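> Taken from Swiss-Prot, the feature active site applies to R237, E266, supported by similarity to another entry. The active site, proton donor feature in Swiss-Prot is assigned to H284. As annotated by Swiss-Prot, NAD(+) binding site applies to E156, I157, A235, S236, R237, D261, H284, I285, G286, N287, with the evidence given as similarity to another entry.
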Amino acid sequence: MVKVYIAGPIPEVGLNLLKDQGFEVDMYEGTGIIDKETLKQGVKDADALISLLSTSVDKEVIDAANNLKIITNYGAGFNNVDIDYARQQNIDVTNTPKASTNSTAELTFALVLAVARRIPEGDKLCRTTGFDGWAPLFFRGREVSGKTIGIIGLGEIGSAVARRAKAFDMNILYTGPHQKVDKEREIGAKYVDLETLLKNADFVTINAAYNPSLHHQIDKAQFEMMKPTSYLINASRGPIVHEKALVQALKDKEIEGAALDVFEFEPEINDELKTLDNVVITPHIGNATFESRDMMSKIVANDTISKLNNDQPKFIVN
C-alpha cells in the first residue's frame, strides 16, 4: 500500500483527499515540532512526506527514506528542506504558493497599523492600570495615510501589501533583484535600491522569500540609514533581520518601532524584544486563517496525489 507520512497535524480537508485515494496515512500528533529521530522513522517506508514549515528535512532525513518520491512542504517557503539533495535523489519538492498571499498581506498591514497606532500598548494599558480619559497629548501614534511604505520583495505577497498600502493613500517604494514594470503600472510603485528605500520609507516591510544571500540583510548599517520616525515590519523570515542590531536600534531610537511575526531563532524570541513597548510581536501567524490553511492542505494533498499517481505535481520547486 502507498504510504504518506505527515510531520504534524494539518486541516482535515487535505487528510480526507489522501484517504479517499486509499493511501495509508500516518501523521505525527505529538506536541511541538517533530524531533529528527521520529521523523526519520516516519519516512523510512513512506512514498511521500508532507513536511511543515517547522520541519527540518535535511540530508540525514532524506537518506533515512527508502521509497520517498515527493516532499510536499506545507508552506510557501521551503528553506527548511534540502531541495538540492532531494533533487539528487530524484525526489520532487513542492510548496504552497499563493495560498498565503492574502492572509500574510493582511497580517503585514495589520502589523503596520498596530505598531503605528500603538494598539497592543493601548490594550495592555486598558487591562492593567487604566487611563484618565482623553487628553490632547495622550497616547499619540502615527498616521499611515500620506506616508511612504518601502517594500522589500515585490512578489505575490509584497504586491498584495502594496495594493493595501495604495488603499491607504501611501506612497510606495519597492526593492528586489528585478524591476517589475507591470507591477509599477498596476500599483503605482517606484523601484529603488535598498539604501534609497531605507532612507525614505516611513514603514519598511520585509516580504521577500528567504535565501542565504538575504541573511542579516537588515543589520546595524541599515538601521542607521532609516528615519528615526520609521518602523520595521517583518512577516517574512526572521534571519533576514539581525535581531541584536534591531534591539540596539530600538534602544538608541534609530527607529521608532518594529512589528515582527517571525524571529531570527524561532521559536525562541529575543528576551530584550519582549521588554520593549515599541515592539509588536505575534507568533508566526502570517497565514494562520481558516481559509489559507485549508487551501494549503488541499494543495499539499493534491500534489502528493499527483506524484503517487504518476502525474506531474503542480508546484515543484526543485
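The backbone N, Cα and C atoms fix where each Cβ goes, and this holds for glycine too.
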> Give the residue from the active-site residues R237, H284 that has the most other Cβ atoms within 10 Å of its Cβ, counting over every protein chain displayed.
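Neighbour-count leader: R237.
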> Among all the protein chains here, how many other CB atoms are within 10 A of the CB of G286 (NAD(+) binding site)?
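By my count, 23.
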> Measuring Cα to Cα, how many angstrom lie between R237 (active site) and H284 (active site, proton donor)?
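Computed Cα spacing between R237 (active site) and H284 (active site, proton donor) is 9 Å.
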> Within 10 Å of its Cβ, which one of these recorded positions (E156, E266) has the largest number of other Cβ atoms?
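Buried the deepest by this measure is E156.
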> As a test of the contact definition, list every same-chain residue at least 6 positions from A235 (NAD(+) binding site) whose Cβ is closer than 8 Å to its Cβ.
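Correct list: T104, L107, T108, L111, T205, I206, N207, L260, D261, V262, G286.
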> Please report the distance from the Cα of H284 (active site, proton donor) to the Cα of E156 (NAD(+) binding site), rounded to the nearest angstrom.
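Roughly 18 Å, rounded to the nearest whole number.
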